[in-house]
Amino acid sequence: RESDHRAWTPVTYTVTRQNATIQGLIQGKAYFFRIAAENIIGMGPFTETTKEILIRDPITVPDRPEDLEVKAVTKNSVTLTWNPPKYNGGSDITMYVLESRLIGKDKFHKVTKEKMLDRKFTVEGLKEGDSYEFRVSACNIVGQGKPSFCTKPITCKDEIAPPTLDLDFRDKLIVRVGEAFSLTGRYSGKPAPKVTWLKDDIVVKEDDRIKIKTTPTTLCLGIVKSVREDTGRYCVTVENSTGSRKGFCQVHVVDRPSPPVGPVIFDEVFKDHMVVSWKPPLDDGGSEITNYIIEKKDTHKDLWMPVTSATVKTTCKIPKLLEGREYQIRIYAENLYGISDPLISDEMKAKDRFRVPDAPEQPIIKDVTKDSAVVVWNKPYDGGKPITNYIVEKKETMATRWVKATKDPIFPGTKFKVPDLLEGCQYEFRVSAENEIGVGDPSPPSKPIFARDPIAKPSPPVNPEAVDKTKNSVDLSWQPPRHDGNGKIIGYLIEFQKVGDEEWKQANLTADSCPETNYKVTGLTEGLTYKFRVKAVNAAGESDPAHVPDPVEVKDRLEPPELILDANMAREQHVKAGDTLRLSAVIKGVPFPKVTWKKEDHEVSPKADIEVTGVGSKLEIRNTVHEDGGMYSLTVENPAGSKTVSVKVVVLDKPGPPRNLNVSDVRSDSCYLTWMEPEDDGGSVITNYVVERKDVASAQWVAISSSSKKRSHMAKYLMEGTQYLFRVAAENQYGRGPYVETLKPIKAIDPLHPPGPPKNLHHVDVDKTEVSLVWNRPDRDGGAEITGYLVEYQEDGADEWTKFQTVPMLDCVVTGL
């Protein structure tokens, strides 16, 4: 029966065993049970359960926890998560037991002593580099269930993953002013990256309008009520130790433009129209200005009238005005996002206010030359419009017609160099100004000028000096002024002053009495000391004086000779034969020294021209020959002393003939020539020898060598039996010297030798007073035909051989024995 009911319900089957299974019970309800035994007689009394039995499944330990996963690994910790067991054993889970085992060890160890109900735990205090595996068990009131499946072995090390970045926005974003916008995205990376937002390379900071939200996986920058200043290049950087990623977005916050920049400028004002201009807005609203809207208003009325709304220029013509009325202009700027507030001009009356320029003042003429002049003027009033050109005119004073100085515009300068004047003519000049209205009146004519180069006083003479003196005179010399003042130097004025006096006296009264650059001042007193100065004079006047540096004592001079050598008096002078030898030197000394030229301490050749002047001497020999070379000396002598200089003169000529030409080693087709170098090489190194031969029967010499530097030559290719003459000449850079020739002809034949001995000499017959001999020809004939054989005999025991006779044949009968 149910515990809360009183009625018993029979079980539907009869059992014969001592146990039974009761079916159809309701889970969660409590029941009482009773049982009675029955036999054929009947049923015995019931025995009842002592307490109610609650119907429920039996309680066991929980199943394994599921999905044990490693969520994070560092060098000393591991974070794990898991899910509950599918079945808790019939009782709530009271805690979880997490165990770890070091790879290589056998046993698992609990990782915490505390009671753990969370399904996530970070195991800390692990050793870097070690590998572990983990398992987890669930517990209920019955006890601890089976452990989960083990994780794979996990090595303790920092997990590294470079950042990733996935953005929800594009490169460009356009936002209207007042609207909100946000830049969002997702990111990842290990270790957890740092997220930074930049705008135009400056870190974005949060405020009332700007919000930054970053979670471990998402990022967001949001701006409410955007303003124009929010325009910029936004950059988000996601960075950890392994790298960084960046995302960019160019945000344009757009609005209608600000008003055009004033003031409105009235560039042109006429009785029926005006031209106005203005400057673009400072802020175009982030979008290009598409057009300007221009309106006009008569100040006597309240109505604004449209002029145009289609202009993109910052200037506009305002037409259809009534003369004398005052007008205001207002201008709007427009872009894609709206129309700006207006810019309103001042009032302006419609009337003509421009005219041609005024006439300039009288021009001034400067820098006049024989063919040009510079005209200078001041800028006149421009009549209200900018001057665009000046017109310069010229005319000769006596003429009536003005002529333009140039067809080219003259602007903006207020001076002009007029070219092409005629020298000596007198000119006047005038100037007119021009603007876009027209050309104004001309200026008054300038003062007349003559076209000629200006003359100024010359500069002082250069380097005045006293070059000579006597007991009553001093010779002065100087150089012309560096600048003649554009005028011809008429002459020079020479002044002198006795040392101690203040007064300068003139040595000459007029400049034209001293046109040259030297002057002898006479009438001086012997023994006194004087100062001297010189002035140059042209048509403009006298120059400043140039002073002789030191005072001069007037007396006869006695100076020892001095030689200033010219370049041709260097230690050694080379001259090519046939050229002219010149030796010269500047000679000084008072009185002027006596001059003597010598060669090798003898008189110089009569062909030498010797010239002596008051300042030096020159020796000249024309058409020099080699014999003109030698040591030349120049001696200068006066009562104060003497001085000598020497120069070695080398006349460079063709070399002399070679010496000792010898022929040896004659053969039928060659011979060997040797010689010695010339005694005289002509002052230059022998460069080569020329060797020639001549058949005695021929008149022509034939060159057999022209470049040999050796003093010998093998003459080849001779004709046997022919007689030859040979000659040799030396060459240097100045030419070929004379030939040396062999004294007698050389015959081209091989040299002769005695023949060899006859062979096989024997007797063929003997008598009491004679012997018949025969023999054979010798092996060699010595280079010539054998003419005979000399037969000699000797008595046995004697020392001497006795000549018998010479025979032409190969046999002989010796008689008289």
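One-based numbering along the chain as shown.
Cβ coordinates come from backbone N, Cα and C, glycine included.
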Can you identify, from 104-130, 455-481, the stretch that TrEMBL calls region 'Disordered'?
455-481
Cβ under 8 Å, sequence separation of at least 6 from the ends of the region 'Disordered' (455-481): give me the contacting residues as numbers and ranges.
487, 489, 492, 494, 496, 517-526, 530, 532-549, 552-557, 590
Taking 1-58, 259-353, 757-817 as candidates, which has the most Cβ pairs under 8 Å with the domain 'Ig-like' (163-252)?
259-353
So what's the mean pLDDT when you look at the domain 'Fibronectin type-III' (259-353)?
92
